[in-house]
């Protein structure tokens, strides 16, 4: 019996102290909650973490503005020098300082102002086409107390006609025409007045022609 009482007392004492500790802990928690203080300031940032993995490529953005011009590049080497072929030439200018000869025949001019290519025949008064192409032909007439009627002919066909008369004064008349010629075509001036109709006074006639461009 005494042994049983002792064991019962020991168990009762242990339960008593457990109860005391539980109450004490509960009271301490209650006091801590009632007397809590505000949190302190944030601490300094921690060190950076290690870089993460690269993300997926983003969508294509709009085009940007043009960039500034670049600096000029170095000067290139000189190009090759080639000899250009000379342009074909055909020209003449002739003059007559007297009354025209008999009508309806080529006027034979006495003075060659230019005939370097030799395409105008001074003996016959005719220009012979050597270089086919487009030509400009013209004549210039100066009169004093005289009259003329001149026509420009091509292979026997009249192309242009000019009439001028100066009684007691000087007069100036001129004419020109552009036409295409083939090789061998002939061009000349001829008078339509008889020599007796224009023998008095002074007459100067200049006849000229030149190639504009070849065919």
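Cβ atoms are placed via backbone N, Cα and C, with glycine included.
As given in Swiss-Prot:
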type: SIGNAL; residues: 1-28; note: signal peptide
type: REGION; residues: 29-96; note: region 'Disordered'
type: COMPBIAS; residues: 39-51; note: compositional bias 'Pro residues'
type: DOMAIN; residues: 40-81; note: domain 'Collagen-like'
type: COMPBIAS; residues: 60-77; note: compositional bias 'Pro residues'
type: DOMAIN; residues: 85-215; note: domain 'C1q'
type: CARBOHYD; residues: 167; note: N-linked glycosylation site
C-beta crowding around the residue listed as 'N-linked glycosylation site', within 10 angstroms: 11
Remote residues contacting the compositional bias 'Pro residues' (39-51) - C-beta distance under 8 A, at least 6 residues beyond either end: none
